[in-house]
Amino acid sequence: MGSQEVLGQAARLASSGLLLQVLFRLITFVLNAFILRFLSKEIVGVVNVRLTLLYSTTLFLAREAFRRACLSGSTQRDWSQTLNLLWLTAPLGVLWSLFLGLVWLQLLEVPDPNVAPHYAAGVVLFGLSAVVELLGEPFWFLAQAHMFVKLKVIAESLSVVLKSVLTVFLVLWLPHWGLYIFSLAQLFYTTVLVLCYVIYFTKLLGSPESTKLQTLPVSRITDLLPNITRNGAIINWKEAKLTWSFFKQSFLKQILTEGERYVMTFFNVLSFGDQGVYDIVNNLGSLVARLLFQPIEESFYVFFAKVLEREKDATLQKQEDVAVAAAVLESLLKLALLSGLTITVFGFAYSQLALDIYGGTMLSSGSGPVLLRSYCLYVLLLAINGVTECFTFAAMSKEEVDRYNFVMLALSSSFLVLSYLLTRWCGSVGFILANCFNMGIRITQSLCFIHHYYRRSPHRPLAGLCLSPVLLGAFALSGGVTAVSEVFLCCEQGWPARLGHIALGAFCLGATLGTAFLTETKLVHFLRTQLGVPRCTDKTT
């Protein structure tokens, strides 16, 4: 498969499901905004911080390293060995959920039963939901490795929407169930998610259409189950060793990704109510990152991993593939920078209004607006880091991954200390400031790797981080105008003034995007040719 074909598949994976994902996310957004009217800040803190941290930590430790190692492997592989390796995530998930469940029940502060009843049951059910999700890992990997465009988006989005619908029903009709509501909804979510993959592949592999998909390495649904053969190794030991390298890195990355929740959980620097407000703002601020940046990062990680060969310098690989990878990286960096700047500039003036509309005075008063404004800057760094690490992790050799682990170890230690100190000094905003600092360090590390990787080639993909002076001026002018507009029109002047504030922001946004369209012609060409052209080879039609 040529690099251009792989690029086309990665682009379709990132773009064709984006509208569906946005639609499902909007539905979930509305449902969650409705649910917030019936919950206390303390319940939100226990569910979204304490219990969700248990679930995400179990998943991350049990599967992240396996995903990265197996997706980086060659297409010429023994698929039964790779699938056997992936099935190890389930027993690992059981062990991690048991261990972490004991920590959550025995070592951490137990919430007041009058505020958050049925905490122990919540811990058990959230741990069980993580194990259920791991049972679908081989199915997820097959879909991701062969770039099934809509399956992943539909499965995840449908599961989230149904989870929110169930939560609304239980909150309205059985509010006395407490944490049972969210625990059962979480278990329902993972069950639906796994069933979507299992049902899809069961129907696909049992239909005549499966014979047309020659690239699929399995012909029956039973081929996806653990398979012990008499000849050869049970698992691919090269992938297993790479998995161990990524595991060490994943453990550290998890601390960086969820570091503020670990500090909240283990050091009690914030009350459950403050944790709830912080988490709501964090989820709202990262909405665009989840909708836009995460699909791009996941899809193009697969692209870079397939096009570039590990262990080889850029000058020793096919120059056509190296050139395509450099061009794609440059365009993705430009897209990430423009998206992040847009969110940062316009988010500053519209944070308080967004929080008031979404959650009422519980969010728009107090520390909420300051938190969201700070998070807008963090989103800019998230966007750039997602693209740079996407390339870096796909191109690094095993030795370079091991060396990078030491950097991640230092970052993890400094992040935890910095989070604790900054939170003691300036409250929950300290978490975002610590995240910004560490994200900046991670970006610097990735930029150094990319510069070193391409230093002997004529390609300079880091040019994607440079914007024209005219466009920078448009961003600065828009930021100034909307900041003044917020002072005079928002948010205590009534809805006519609010609508005027929104209209002025929409005009400034349109003018800024128009300037970007005229000045960043290379990026516009990339978006048109790779993300905007409909293809007829969609595997999931």
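Each residue, glycine too, has its Cβ placed from N, Cα and C.
According to TrEMBL, the transmembrane segment annotation covers 18-37 (among others).
The annotation transmembrane segment is assigned in TrEMBL to 43-62 (among others).
Annotation comment: TrEMBL describes 83-107 (among others) as transmembrane segment.
Annotated transmembrane segment per TrEMBL: 119-141 (among others), in sequence order.
As annotated by TrEMBL, transmembrane segment applies to 153-174 (among others).
What TrEMBL lists as transmembrane segment is 180-202 (among others). Beyond the transmembrane segment (180-202), the same-chain residues lying 6 or more positions past its ends with a Cβ under 8 Å from any Cβ of the stretch are 47, 51, 55, 118, 121-122, 124-126, 128-130, 132-133, 135-136, 139-140, 142-143, 151, 154-156, 158-160, 162-164, 166-167, 170-171, 174, 221, 224.
Within its own chain, the transmembrane segment (335-355) is flanked in space by residues 281, 284-285, 288, 292-293, 296, 363-364, 368-369, 372-373, 375-377, 379-384, 386-387, 464-465, 467, 475, 478-479, 482-483, 485-486, 490-491, 498, 501-502, 505, 508-509, 512-513, 516, 520, 523, 527, which lie at least six positions past its ends and keep a Cβ under 8 Å from the stretch. According to TrEMBL, the transmembrane segment annotation covers 335-355 (among others).
According to TrEMBL, the feature transmembrane segment maps to 375-394 (among others).
Sequence annotations record features per position, and here TrEMBL assigns transmembrane segment to 406-423 (among others).
Within its own chain, the transmembrane segment (429-450) is flanked in space by residues 256, 259-260, 263, 278, 329, 367, 370-371, 374-375, 377-378, 381-382, 384-385, 388-389, 391-392, 395-396, 400, 404, 407, 411, 414-415, 418-419, 421-423, 461-462, which lie at least six positions past its ends and keep a Cβ under 8 Å from the stretch. The feature transmembrane segment is assigned by TrEMBL to 429-450 (among others).
Positions annotated as transmembrane segment by TrEMBL: 462-484 (among others).
Taking Cβ pairs closer than 8 Å, the transmembrane segment (499-518) reaches residues 338, 342, 345-346, 349-350, 353, 470-471, 474-475, 477-478, 481-482, 485-486, 489-490, 524 in its own chain, all 6 or more past its ends. The feature transmembrane segment is assigned by TrEMBL to 499-518 (among others).
Sequence-distant contacts of the transmembrane segment (375-394) (same chain, at least 6 residues past either end, Cβ-Cβ under 8 Å): 68, 72, 281-282, 285-286, 288-289, 293-294, 296-297, 300-301, 304-305, 308, 325, 329, 332-333, 335-337, 339-341, 343-344, 347-348, 351, 401, 432, 435-436, 439-440, 442-443, 445-447, 449-450, 465. Most Cβ pairs under 8 A with the transmembrane segment (18-37) among the ranges 83-107, 153-174, 406-423 are made by 153-174. Through the fold, the transmembrane segment (119-141) approaches residues 46-47, 51-52, 54-55, 58-59, 62-63, 66-67, 70-71, 82-83, 86-87, 89-90, 92-94, 96-98, 100-101, 104-105, 110-111, 113, 152, 179-180, 182-184, 186-187, 189-191, 193-194, 197-198, 200-201, 224 of its own chain, all at least 6 residues removed from its boundaries and within a Cβ separation under 8 Å.
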